[in-house]
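Inspection log for the structure reproduced underneath, given as structure tokens.
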Amino acid sequence: MTHEEHHAARTLGVGKAIAVLTSGGDAQGMNAAVRAVVRVGIFTGARVFFVHEGYQGLVDGGDHIREATWESVSMMLQLGGTVIGSARCKDFREREGRLRAAHNLVKRGITNLCVIGGDGSLTGADTFRSEWSDLLSDLQKAGKITAEEATRSSYLNIVGLVGSIDNDFCGTDMTIGTDSALHRITEIVDAITTTAQSHQRTFVLEVMGRHCGYLALVTSLSCGADWVFIPECPPDDNWEDHLCRRLSETRTRGSRLNIIIVAEGAIDRNGKPITSEGVKDLVVRRLGYDTRVTVLGHVQRGGTPSAFDRILGSRMGVEAVMALLEGTPDTPACVVSLSGNQAVRLPLMECVQVTKDVTKAMDEKRFDEAMKLRGRSFMNNWEVYKLLAHIRPPAPKSGSYTVAVMNVGAPAAGMNAAVRSTVRIGLIQGNRVLVVHDGFEGPAKGQIEEAGWSYVGGWTGQGGSKLGSKRTLPKKSFEQISANITKFNIQGLVIIGGFEAYTGGLELMEGRKQFDELCIPFVVIPATVSNNVPGSDFSVGADTALNTICTTCDRIKQSAAGTKRRVFIIETMGGYCGYLATMAGLAAGADAAYIFEEPFTIRDLQANVEHLVQKMKTTVKRGLVLRNEKCNENYTTDFIFNLYSEEGKGIFDSRKNVLGHMQQGGSPTPFDRNFATKMGAKAMNWMAGKIKESYRNGRIFANTPDSGCVLGMRKRALVFQPVTELQNQTDFEHRIPKEQWWLKLRPILKILAKYEIDLDTSEHAHLEHISRKRSGEATV
């Protein structure tokens with residue numbers, strides 16, 4: 001790409017004006033999107049306007065439409081809700097209201113509108129756009145605008161960002177706010193679990209979501225609920241009997257609590273609402289259990305946005321500005337969506353239509369179709385939920401297999417959820433499942449035991465590694481490991497862990513030449529805070545670590561804001577992998593993030609100091625700098641701290657903070673619980689097929705490359721890749737993959753921190769179509 005093309009982004013918005021508004025129900029992460037739209041808009045040379053109070057502000061005009069500055073969006077990244085206000089607006093539904101809105105935009109020369117809201121808000125925006133030329137001619141006839149103004153504003157570009165905690169918009173895997181709402185729900189479920197266990201209670205929890213069961217479904221997966229009611233898939237006619245039998249079975253197996261999740265729009269097969277109170281009365285009447293109802297309500301909309309929502313909002317905001325400024329009169333109004341980990345642009349009305357089709361299918365009791373229209377991600381959640389929640393584990397049948405599961409490497413939140421899912425899916429398949437303690441030391445020392453259904457009860461929400469996790473590699477102990485594989489008749493191995501799990505897998509492949517016992521299928525599920533396992537864009541545990549860093553950075557920024565003129569240098573974990581530092585930098589609004597993958601010199605450090613000196617002259621008198629622990633052996637945290645302290649003398653003072661092992665702990669986030677659960681299920685389904693395939697002459701013999709794989713998320717799908725094929729994609733010295741997708745987000749971090757850099761626009765999304773997208777949609 002030429003320098004001219006690079007530089008084009010800096011002048012893309014010159015002479016243009018963008019208005020940003022939030023409409024409908026608020027959602028955490030909207031502020032991140034507003035901030036990104038404002039800053040990237042200003043970066044491209046455009047003028048950016050806030051529209052306060054949603055469409056009402058657009059109709060009322062006046063002070064409701066104000067020009068935004070770089071500083072006006074500072075310190076809003078970590079705030080929930082929407083700082084610019086939102087309102088349900090009746091006026092905009094009438095043509096008269098839209099006429100006034102058009103007048104307000106034309107007078108300010110605004111021809112680009114970024115709308116952050118739900119499907120109703122986005123439909124309103126599309127109507128506005130389609131009427132635009134008629135509205136202008138009416139205004140001109142009425143003498144409210146001149147012919148010149150009408151020509152200057154001849155067409156209106158519209159881009160939508162979906163902000164809704166319900167995740168009810170078709171065409172995107174996640175809407176802004178959904179992950180944070182799941183955080184709120186999970187925090188409450190975890191808190192309720194402890195009291196329910198103390199009193200042997202049953203809790204019925206009602207979660208929001210209107211006519212979409214996403215929140216209820218994912219919550220039930222991430223807390224291991226006994227039953228879930230969602231509108232898309234009403235229970236069978238005799239569900240009352242099934243539910244009561246299920247609850248009493250759980251109690252007989254030794255569980256001290258039952259959790260039932262009810263989506264607020266839940267209905268039965270006849271369309272009759274299922275209420276939380278109704279479910280409670282049923283349980284009390286039939287079983288006599290001590291039962292309580294908790295309606296979570298608006299708590300779910302509140303609180304601090306999660307790291308996921310801040311990054312999602314920021315990425316979507318950048319993409320929205322690019323889509324607006326690249327728009328022509330012929331480009332349809334589009335919505336920026338997330339597919340897997342990729343930003344895509346989809347025609348707004350196609351998405352709205354499919355979203356309406358879901359509601360129509362549910363109204364007409366075509367529930368299977370409603371499920372399909374929600375997309376593959378929703379279907380997958382439902383399939384895994386049904387597997388884990390609704391089946392009594394069968395007794396191991398003859399011809400069953402024995403699969404062992406272990407944790408390798410440093411502990412990561414979500415490992416236990418992956419173990420639970422692996423064990424239970426294995427048992428459901430009718431197989432024997434063994435758990436191995438202390439990583440590869442376990443099979444060497446024979447620390448292996450059989451796991452039953454209850455063995456992993458309640459593991460989903462527990463952090464760390466309950467099986468014990470060591471970094472030891474298997475090579476030195478091949479003889480003992482082989483002996484124990486034979487002794488315990490292990491026919492398949494699930495390895496949940498970080499880079500050591502991957503290198504251990506490579507050693508097992510190598511060892512097959514000497515030891516026939518090692519010729520069994522194995523699969524590696526990446527689980528490490530560092531997110532440095534080749535073959536996967538995400539690792540279990542990285543999201544939890546990211547949220548821990550974010551929370552800490554928020555507190556540190558608050559301290560710095562109170563002190564004024566203070567810069568904090570924070571060291572994050574990750575080995576040589578800069579994922580945590582980069583993503584936390586994006587989510588916490590850092591001024592710089594130093595990483596190994598992007599070499600830096602003393603001149604870069606000097607430029608950062610000068611940048612902070614300039615920043616201290618503005619109204620924002622604080623700085624936040626992140627440094628990955630191994631980004632440079634000489635430019636240590638102490639060195640950078642000393643440099644900043646010296647160079648900033650008299651202008652700002654510096655403090656340093658090494659976050660350390662707190663990043664490995666904590667209760668797993670909903671994302672990690674859900675991701676781990678689905679990875680475990682997917683791995684065991686693969687394992688069952690692979691063992692059958694490798695069964696020869698009365699024993700398992702697997703020596704093909706595809707019998708030892710890493711299960712990873714790649715762009716939009718979960719894929720199995722042979723460990724041997726990943727070798728040439730790995731930098732073994734620094735324990736990182738040679739190519740990492742998140743490096744493309746680095747320029748966004750720098751632009752949002754006000755650096756004068758060139759933005760490569762070639763990476764931006766192109767317009768796709770929803771039907772085509774759905775067939776290749778992410779399976780996560």
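Cβ coordinates are placed from backbone N, Cα and C, and glycine is handled just like the others.
When Glu131, Glu240, Glu264 are compared with the substrate site residues Ser164, Ile165, Asp166, Arg201, Met208, Gly209, Arg210, Arg292, His298, Val299, Gln300, Arg301 in Swiss-Prot, the one appearing in that site is Glu264. Of the residues Gly13, Gly15, Gly25, Swiss-Prot places Gly25 in the same ATP site as Arg88, Cys89, Gly118, Asp119, Gly120, Ser121. Per Swiss-Prot, the residue from the list Ser398, Ser536, Ser775 bearing the note phosphoserine is Ser775. Within 10 Å (C-alpha to C-alpha) of Arg210 (substrate binding site) lie the following recorded positions from Ser121, Asp166, Ser377, Lys557: Asp166. Computed over the region 'C-terminal regulatory PFK domain 2' (402-780), the whole-number mean pLDDT of the model equals 92.
According to its DSSP assignment, Lys557 (N6-(2-hydroxyisobutyryl)lysine) is helical. The Cβ of Ser164 (substrate binding site) lies under 8 Å from the Cβ of Gly24, Gly25, Ala27, Gly117, Gly118, Asp119, Thr175, Ile176, Gly177, Thr178, each on the same chain and at least six residues away in sequence. Each residue in Ser23, Gly24, Gly117, Gly124 lies on the same chain as Gly25, Arg88, Cys89, Gly118, Asp119, Gly120, Ser121 and has a C-beta within 8 Å of the C-beta centroid of that ATP site, without being one of the site residues.
The Cβ neighbour count for Gly120 (ATP binding site), using a 10 Å radius over every protein chain in view, is 15.
Annotation: Met208 are the recorded positions among Gly120, Ser133, Met208, Lys557 whose CA atoms are within 10 angstroms of the CA of Asp166 (active site, proton acceptor).
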